[in-house]
Amino acid sequence: MAWLIYLSRQTEYMDGSIMGVGSNKVKYGGLYNIQGWGAPYFTVNTEGNLCVKADGHETKAGQEMDVLHVIQAAKQKRKDIQFPMILRFPNVLKHRLDALHAAFHTAISRTGYTNTYQGVFPVKVNQNRAIVHDLVCFGHAYSYGLEAGSKPELLIAMSCLTKEANSRAFLVCNGYKDAEYVRLALSARAIGLNAIMVLDMEEELDIIIHQSSKLGVEPVIGVRAKLLTKIPGHYGSTAGKHGKFGLPADRIYEVAKKLKGLNKLHWLKLLHFHVGSMIPTTELVAKAATEAADIYCTLVNKYDAAEMTTLDCGGGLGIDYDGTRSADSDISVAYGLEEYASSIVQAVRTTCDKAMVSHPVLCTESGQAMVSHHSMIILESLSAIPEPKDDDDEDTPEQLRTKIQHHYSASNLPTSAAVMDLQKHGIEAYKLAKKLSKRIAGDANTIYNYHMNLSVFSLLPDMWGIKWRFPMMPVSRLNEEPTRMSTLIDLTCDSDGKIDKFIGNAETLPLHPLPLDPDPERGGCYYLAVLLSGAYQEALSNKHNLFGGPSIVRVEKSTATATGFQIATADLGPTTEELISTMRYNVRQDIVGVIQRRAIEIGVWGMVGEVVHTGLTTMPYLIVEDHAASSWKHQGGLDGKDESIVKMVFRQVSRLLCLPFTWSIPSKRIGSAA
């Protein structure tokens, strides 16, 4: 009876593994190195759920936002919401912005630097309206501005800064420029914005001079320096003298001479440089800042550019995607915000003091480091299938069942049979039963392909395009040991539509068996979170197989709710109709009209019309209605016949051999809990 009571308090999963309710308080977040890449914004609570700490280290106990509860609340707020889904936490965005400015303020105060820091957000990193708007609003007190690299981004920046920013905020205009781009930038100055056109090519100066005269608007100019300082790894390939943008120092000086000859040297206010994203060490940060500051001082002292005011240090502030704080990895950096700010401030101060030049305003274009943490992608698991074995000689489960039944029948011999023969059959049946359970559930070398409601090309293009790796982990059940070594398979008809490289140079991700009967009170479906994914992925997204973007949910802190959060907005991702329209189809004429005419001819439009309407007005991703209908075959777990045979043999042979009876599926221990 005690055994039955114990079983009734278990949760059973598709490979037969069980966990007693409340019986395991160990948290397995450490398997995913959440302490390394997640601090100070992510943790695991006592329920075993991933949580967001919107105020970083200042988040008080009990104020963490439970991601599983957020997903459930989003589904309640909008019944037609679909996966995949992006969760945005704007309070994290504000905390990142505040932390960046605090780091520069501290560095300036401690070093005796005599000017200020005034940053901009590069719109290309994430052009989403809410994100750009939030950053400008959160940064109003800091005169935080925007950087644009194209005409569409420039128009976005002009609009947002006009509505939300103070007049000192920079509008840095980077990228290749034609006459139309220059006219837009001059128009920004005409309406009172602090727009600065940065020369990326020397020829752009003539366009600016001509358009300025034509429109009657005086510009402010910067010049991008092509430094000799290079960084290693992926992002260093277009740095140094082989850089894609900018002018070498000697050509910058020629620009100054030309402006002086035209009596327009007062236009030149800013020197800009960018040595690449994810600068791995502060030594390289300081080296680049020193080289650029030397050019700045030379312009002031030797070329009479006395009205220079600003040194724009570009992007490059990296974040630690794998939690190793390493300078030897493309996806990690060996410093934090404080060290980064200090290295720039000290390098520029030292160089300017030596040249007896006034300290310039310091600007950076930090994008990735600002927006990555505040956004996560939630993926829905569909099924899990074990990789087939390479050993063709190994017995199949059916063959093992037959052998077990043979030995079990033989063990039911008459009482006059030899005891040794009885014991022999019992032992062999016991061994085969253990082999069957291991064979079905997967031994230590089995890899499971988890099929996800995902398009790698649409949601995680960097993982496909440049082999980037984002931290990933389950949203829930992190107080249970994840026993399956897994890879992720997407929905697209493409062999590249998979994820088999993870942080830590791992080729698998530890996951849990999918639940046989998803219990809404325990989280229902099995979700994975892709963390630190707020930069570039939406902008680089493509429409392979006409899968589009995700649903987007905005999650804000709230003291008025028991959960500590509120769902501000929950927006459905692009529908099938919207995606087809991007391919220049007139959906009503080219798609619906053609199908309708044929269906009416056949007399089935009543049914077909409803199906077509639903298909067009929902996202193209799968709509999962009943996870419980997934079969044991698809999960690589025991079916009812397998389970009954194994349990029967274990119980009978345990009695025969006077062994204690326990029922569990063997699994490989992945690592230490944390």
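Start at 1 and count along the chain as shown; that gives each residue its number.
In case you wondered, yes, glycine gets a Cβ from its N, Cα and C as well.
Noted in TrEMBL for the protein shown:
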- Cys493: active site, proton donor (ACT_SITE)
- 116-372: domain 'Orn/DAP/Arg decarboxylase 2 N-terminal' (DOMAIN)
- Lys124: N6-(pyridoxal phosphate)lysine (MOD_RES)
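Between the recorded positions Lys124, Cys493, the minimum number of other C-beta atoms within 10 Å of a residue's C-beta occurs at Cys493. Taking the C-alpha positions, the distance from Cys493 (active site, proton donor) to the residue listed as 'N6-(pyridoxal phosphate)lysine' comes to 29 Å. The average pLDDT the prediction assigns to the domain 'Orn/DAP/Arg decarboxylase 2 N-terminal' (116-372) is 96.
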